[in-house]
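Colleague: After the structure tokens below, expect a handful of questions from me.
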């Protein structure tokens, strides 16, 4: 196929050529940035929490009565005992927050008492000896808390705690040589150190902001009962197949213990699956929006190509007829239009790639997204090339069927 | 009515200058029926497009209805076309999307005429060409002769001072052509000035006066030897 | 002529139904996507109190030292108890208030019902005047009530309906966190979005309006639990009781001052600097005064209240719309140029360029209007799906109103007409002679 005559013809149809090229460029720029965002969001959505999420549910409880700190601690223990009595419940724990919850207590982690800037930041889970088992998170080194180690704590009271369990990721971050066990770190705002007595398998933090991605797997388990803030989350693992029964029975058991309590209206008794859905609804929503936009965008661009190419074919019927009369085969005409579109698409893709990189750089500075990787550009470019060729095929086929008789007709 | 003096029209491309008209002089009096003849490429169509203010010219002067139209802008030229000139094209040039009534209405619309007057004029013009009963038909539903009658009605509806016809029977068979020609003669008898381009000698003979163009100039037929060969060649052709 | 061009435009559109449908759909999708994301964006980025947003100032005082500032050089976003109380007592602004989030239990009137939680604020009398809280019954408590640590409360009309069936409950008692308060006022529905005055606690888009307000001084006396954000990001500190915590440099109390003029704001800032300098002299602060005074708009910008999702999706939608318009330019160009012979004839019959412009722009406007109407339907349908795309807290704020509907139509028609300028210009360039010469 000769490219020169095609270029010459394109020069005669500058406006249409530029419009299609521009549309391809814009589509490429938006679609590959969209793909990039979609992929980023889906990667967040699919990251593991470390928690065995099946058969797990949460009851968020607010104290209505005027319990003292001590009374609260006693009540929590009574609640947990009552829950463990239920045949449908395998294990239960009381926490101030939990993975994917969004709000909770995070604290800076320091390695030395006189250190001003943090080494990292981590979730502080006020937990107990049942926490790891209830969440289904394995202890990979050291030992679990004992029941005697668990004390009561008001959230405003920054007491010190002598022993902690840290998540695998935090342990590796703080002690890259893998010798975290038995070491001391500073995980509170006072200057008493805590000794790492155990290391858990992967455990996600409560923090969900994308700004906190660096801390997403930092968790410190502290053997403390949250008593001062007026609320507590019970995480309850149902026996296999008995989730519904456990979710029915557990609130009743708690009310029977003490009716001066309120279960959150928003997330009173929810399965962990719902916790996950809520935690990622923004990411999921963004991905859905961008998938819809990208799909419609590609459809509209394809339609635009069909429309303009059909117009060109209509305009050049006589010229096509002359070519046919002079011996051009149907294949020649078909490949003429396909090649024409290919050239325009390549031009559009070059411009679109620059545009995409520009948009990405702008988002990097304004929204702190990562740099666009070349593979998205490649995927989007190939998609648009195929789209262009697919869209041009029907009008090109119609052009190839123009009869040589057209040459003899007046316009 | 239509007076061109020393008029020239040059088409320039990057390489050559082509004179379509050169030192072109013509004077058509009010009420005349003039046939312009000449071989293909002689410049007769260029003459017509300039006469109809469809195109500008390069040099000389052109007075239409005693008005110097040499330096008018696009808007003023549109206005004159609309009010003073009626066109009859070889290919009829009816707008396929519009029915007969709406086609005839087009120039009247651009004149800003009120609806009742428009209607009266349209129906008048259609009656004159004998197609009042076809007002709601679309061009595609009419024969070639009927289409050309509609085109003539469209040209007449605005009561132009000057009718320009470009091979008005060129796309018609003999019988239809005769009908159209009779219509033109009748319009002429009613007082219209008509300039018609044709290379059909029979048609030209029915005009009051013949003007011959060769190589972009008006020539005196009897004196120019070039005419005899060129005219014979043109007459020998069936159609262009 | 208007009607004539409209008639011509519609006739022409009917002649190429597929092309017309394509253009109309492109416009409709583009405008609908833009309008849906705009409807969310205008809420999240809106000014919640436009009439006095430049007169209300959030106050910040650095109480922890430059080495702990995060971001650098920025004081904590709320005050500690010591400074908040000191600024209240100094009373250097015509009105000032302080607040913290509470979520006390509310005992039902009927002892057989289960208790409920009511979220709200422990604050001061000026809160209601500063933030223009409307009242259904009664009124705010007074400055004297603040000074007397009075056990009084203001409740929302939503809570009033729940507890008292909507009757005038002023003078009646309500039990919050096991203490009894006398109701002095019931607010009308009041829920400015974003909730600028409590952006510190991340409450910008909290779905429900605040239900209950009690006197700050009384709440501190009774240690009514704080449900908001507590930031003790300063130097290491040790405390073993709530009492000790209260007097440490932990940020948890948003503080607002009403300063009607620029001069007032300047004066108040001078006062804040002097206050911080005084603390430095007294040996409490070991650093130069570092204070901030930000009005509502500045504060919302600083807190980045507008979710990035909303911004990105608005940009994406606008980009999408632009592509739809480019597409429309191409299709209109094809459609208009296909009719160049008609244009040539019209020009020969006396149509001026202006008249060609008018005819084709009118045709484009008809496409735009059709696109707008379809876009309107898509917008209405899409709004039902907004909940899928944004958090429910934000999504429920987006709503359809007359201004959105009008904007949709106007945007659709205007942008289509603008997009049609180039194709129309090309159409108007068609020479009247063209048709004659082609023979």
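For all residues, glycine too, the Cβ spot is worked out from N, Cα and C.
Relevant sequence annotations retrieved from TrEMBL are reproduced here:
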DOMAIN    C:20-188  domain 'MacB-like periplasmic core'
TRANSMEM  C:21-41  transmembrane segment
TRANSMEM  C:312-336  transmembrane segment
DOMAIN    C:315-432  domain 'ABC3 transporter permease C-terminal'
TRANSMEM  C:356-382  transmembrane segment
TRANSMEM  C:402-422  transmembrane segment
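For each listed feature, how buried is it and what is near it?
Modeller: Sequence-distant neighbours of the transmembrane segment (C:356-382) (same chain, 6+ residues past either end, Cβ-Cβ under 8 Å): 1-2, 5-6, 8-10, 12-13, 20, 23-33, 35-36, 39, 328, 332, 336, 343, 346-347, 400, 404-405, 408-417, 419-421, 423-425, 427-428, 430.
Away from its own ends, the transmembrane segment (C:402-422) comes close to residues 27-28, 31-32, 34-35, 38-39, 321, 325-326, 328-329, 332-333, 360-361, 363-365, 367-369, 371-373, 375-376, 379 of its chain (Cβ-Cβ under 8 Å, at least six residues beyond either end).
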Colleague: Take the transmembrane segment (C:21-41) and find every residue of the same chain, 6 or more past its ends, with a Cβ under 8 Å from one of its Cβ atoms.
Modeller: 306, 310-311, 313-314, 316-318, 320-325, 327-328, 331-332, 367-368, 370-372, 374-379, 382-383, 386, 390, 394-395, 397-400, 404, 407-408, 411-412, 415-416
Colleague: Average the per-residue pLDDT over the domain 'ABC3 transporter permease C-terminal' (C:315-432) and send me the rounded value.
Modeller: 87
Colleague: Over the span of the domain 'ABC3 transporter permease C-terminal' (C:315-432), count residues by DSSP class, listing helix, strand and coil in order.
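Modeller: Going by DSSP assignments, the domain 'ABC3 transporter permease C-terminal' (C:315-432) contains 99 helix, 0 strand, 19 coil.
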